[in-house]
Ligand code: ADP
């Protein structure tokens, strides 16, 4: 109820106000909360005064009370009045109460309190550079009344006791002292508050600008990535056809002119065939890499043991030649993406076979562990191993280490593996010891059954 009333008053008074200065904005809001709070209380205070002055036919008080009543209601409830006018109207009401109390009722104490309150209200609600107005305002009030009393212009007011100049100066000097003190002290306090508010606003603005820049850069990176992916796709796709022609004609050349050319020519032709084949592999890997873009399907139940068995068939030639042996541990069906999983494992197995130690047959072990939020897979081999300094580099596109006896490659296998794990929300890393073997570990998130 109270909150609704507060919101109602705020909507009326602050509708047209947009103060950019943080401290002035704060002052405006404080003022509006103040009048919202004051309205019911000042009405409670004014209504008895109105009734009493009417009954006793005390006309000046009746007039003033009526004006104060109307002004308070207008200030709080009439829309489209500039806030600065609302503020001055309230100051004047308080000023009027002080003057009436002193000069029409003879209450110096409460009267001076009201005049001082005008000072404090002005300091609170007007900008810092206008804080001294209240001091000059009260000074002027005291001097004007001193003159009025001195020239006996208000001496015949019936309610004012002991009205002489000395008496008035003694009383009013207290007011001047207090309003001077407040006028100097409170703005000092405010300037500190102002600084910290300004700092806060500057920080917020910087943060906003930073965020906008970050969003722009993200968008740029995303669109550049898309461009690059499209480019890679087009290149790898369009290059395949002419390359097939080159390889084909080179093969023809080799067959047709075999024995008719000298040794040098034969070597050159086999170099060219070799080069064309390597390029074909590169293009195939590149198009594979560019195809890994985003996940479009839902995860399905996949059987890692089955995929491992299928891959062993794919690599059966190499397995037979190198007398490789595979073992596995704890492989259980889980929800995931079979095609991505298969490509991932295929590349790791291909490397484990390719970078095996020529002095011992490859032993390859694949294991799975279910953790709290993901599955952890490990492919362990007893191959040539990798030096520590290359642990991260090998996952970068086209990065190869030149092992002796290593088979051919494009330097894209592990980049493809990394792209897949990244895209699926997992991670991949390697640990290895040269001469002993390597362990490739990757994680994949656990998808719950729908
Ligand atoms: P490629 O095999 O075509 O060279 P990859 O991206 O698959 O490209 O691998 C990058 C490099 O990491 C390889 O050149 C190789 O030196 C090293 N590497 C990858 N797997 C293994 C492994 N199992 N054992 C030792 N070295 C490896």
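Along the chain as shown, residues are numbered 1 onward.
For all residues, glycine too, the Cβ spot is worked out from N, Cα and C.
For the coiled coil (204-231), same-chain residues at least 6 beyond its ends with a Cβ under 8 Å from one of its own Cβ atoms are 290, 293. Annotated coiled coil per TrEMBL: 204-231, in sequence order.
Residues or ranges marked as domain 'Histidine kinase' by TrEMBL: 234-448.
Residues or ranges marked as transmembrane segment by TrEMBL: 30-55 (among others).
Here the transmembrane segment (61-81) has long-range neighbours at 9, 12-13, 15-16, 35-36, 38-39, 42-43, 46-47, 49-50, 52-54, 89-90, 92-93, 96-97, 100, 104-105, meaning same-chain residues at least 6 beyond its ends whose C-beta is under 8 angstroms from one of its own. Among the features that TrEMBL reports, transmembrane segment is placed at 61-81 (among others).
The annotation transmembrane segment is assigned in TrEMBL to 88-105 (among others).
The list of residues near the transmembrane segment (135-153) in space but at least 6 beyond its ends in sequence, with Cβ under 8 angstroms from a Cβ of it, reads 95, 99, 103, 115-116, 118-119, 122, 163-165, 168-169, 172-173, 175-176, 179-180, 183. Per TrEMBL, the feature transmembrane segment maps to 135-153 (among others).
Sequence-remote contacts of a segment are chain residues at least 6 beyond its ends whose Cβ falls under 8 Å from one of its Cβ atoms, and for the transmembrane segment (165-186) they are 108, 112, 115-116, 119-120, 123-124, 131-132, 134-135, 138-139, 141-142, 145-146, 149-150. Here TrEMBL flags 165-186 (among others) as transmembrane segment.
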Chain residues outside the transmembrane segment (88-105) and at least six past its termini with a C-beta under 8 angstroms from it: 35, 38, 42, 60-61, 64, 67-68, 71-72, 74-75, 111-115, 117-118, 121-122, 137, 141, 145, 154, 157, 159-160
The coiled coil (204-231) [mean pLDDT, rounded to integer]: 89
